[in-house]
Amino acid sequence: MSAEIREVLVVGAGLMGSGIAQVAAQGGFQVTLVDTGEEVLARGLARIEDSLTRLVRSGRLGEVAAADARARIGTTTDLVEAARGADLVIEAIVEDLDAKQALFAKLGDSCRPDVVLATNTSQFQISRIAEPCERPERVIGVHFSNPPPLMTLVEVILGDHTSEAALEVTREFLAACDREIVLCRKDVPGFISNRLSTALCMEAARLVDEGIATPEDVDKVARLMYGHKMGPIATLDLAGLDTALRVSTALSEHYGGDRFTPPPILAQLVEQSRYGNKSGAGFYENGSSQLAV
Ligand SMILES: CCCCCCCCCCCCC[C@H](O)CC(=O)SCCNC(=O)CCNC(=O)[C@H](O)C(C)(C)COP(=O)(O)OP(=O)(O)OC[C@H]1O[C@@H](n2cnc3c(N)ncnc32)[C@H](O)[C@@H]1OP(=O)(O)O
Ligand SMILES: NC(=O)c1ccc[n+]([C@@H]2O[C@H](COP(=O)([O-])OP(=O)(O)OC[C@H]3O[C@@H](n4cnc5c(N)ncnc54)[C@H](O)[C@@H]3O)[C@@H](O)[C@H]2O)c1
């Protein structure tokens, strides 16, 4: 397994893919960002531009470093061509197992056999995503937190077949990006973070759904009583309610019981195209915070 990483391919230019591409570029890597169309790639680049501008404005990043990072990011819709030159791939497409498996089959065919294939899935088992790959030992979970440019923790998940060599390459890459890691040692749905957070967030959404409290008051309890940076309802709006619905539904189906079951309000908001901050409204009317998404 090659530890020599120069070219990083990020597949999916949405909330997470654009942020991960930015983090890798700030870490000094050449990055190619792939998505299905030019319009969505342009939105991803605009998100990166906005984030770099904010980082410079708040003094967290120098102007030269921002310009360098910007210059290291290219985009394309040609996955196969981009995969040929990649030294590391990070997948950040929609949270749908069939879509991820179809992508990993293509990546398995197009990338060099020594290239580590990482998935940013929120909860699917890494071994399931790796099923169509001939060499599942190179597939690993690399679960960034949202928003990736500000959140330094990355959860690394070992699939049933993930090799030590793939873990080592991943560690080196994340260290170069200045990221802290926690290791999920068993390939369980939801890993560490989303088994914790989905239970909390679905209970928070249930309190709103049942008319027991407003989103503001639920979030106030989390912030002022438990010292969380953001309340769970604001975090749902940040993560995207469409993604949160997919994640909670899948976890609920896997584990059974009530702890991860999404209350009806989540599907209702998604049906109304209220996806959270990324669409301008979710539980909250005009975006829950000043966070750029
Ligand atoms: C409680 C747990 C909830 C978990 C939800 C899970 C729900 C169920 C499943 C959901 C789906 C998948 C979830 C996924 O798999 C896992 C996740 O990633 S969940 C989300 C995790 N993230 C969080 O919980 C975020 C919590 N928030 C924070 O930690 C902080 O608010 C912050 C984001 C780090 C910001 O911290 P501060 O610096 O303290 O914040 P300030 O408000 O003071 O400053 C903001 C500052 O930052 C600038 N800014 C905003 N966005 C960006 C950006 N993208 N890039 C660069 N800069 C940005 C902003 O402009 C401000 O700048 P300033 O005005 O100060 O110049
Ligand atoms: N939103 C969060 O807070 C968060 C945090 C951590 C992990 N994740 C996970 O990251 C992944 C992406 O989530 P997101 O919030 O960025 O979603 P998003 O909807 O913002 O972006 C997904 C992107 O993938 C693209 N896409 C879909 N199929 C594709 C394909 N076959 N090839 C290339 N591009 C394709 C879409 O066009 C879209 O731009 C999901 O697996 C999600 O569970 C999300």
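Glycine residues also receive a Cβ, built from the backbone N, Cα and C atoms like all the rest.
Quantities reported herein were computed from a predicted structural model and do not represent experimental measurements.
Same-site candidate for NAD(+) binding, as annotated by TrEMBL with Gly12, Ala13, Gly14, Leu15, Met16, Gly17, Glu95, Lys100, Ser122, Asn146, Lys278, chosen from Asp35, Asp68, Asp178, Asp258: Asp35. Shown are the binding-site residues Gly14, Met16, Lys100; of these, the residue with the fewest other Cβ atoms within 10 Å is Gly14. On a Cα basis, His143 (site 'Important for catalytic activity') lies 15 Å away from Lys100 (NAD(+) binding site).
Secondary structure at Asn146 (NAD(+) binding site), as computed by DSSP, is coil. Secondary structure by DSSP for the domain '3-hydroxyacyl-CoA dehydrogenase C-terminal' (190-285): 62 helix, 2 strand, 32 coil. Less than 6 Å separates the Cβ from ligand 1 in the case of Asn146, drawn from the binding-site residues Gly14, Lys100, Asn146 in sequence order.
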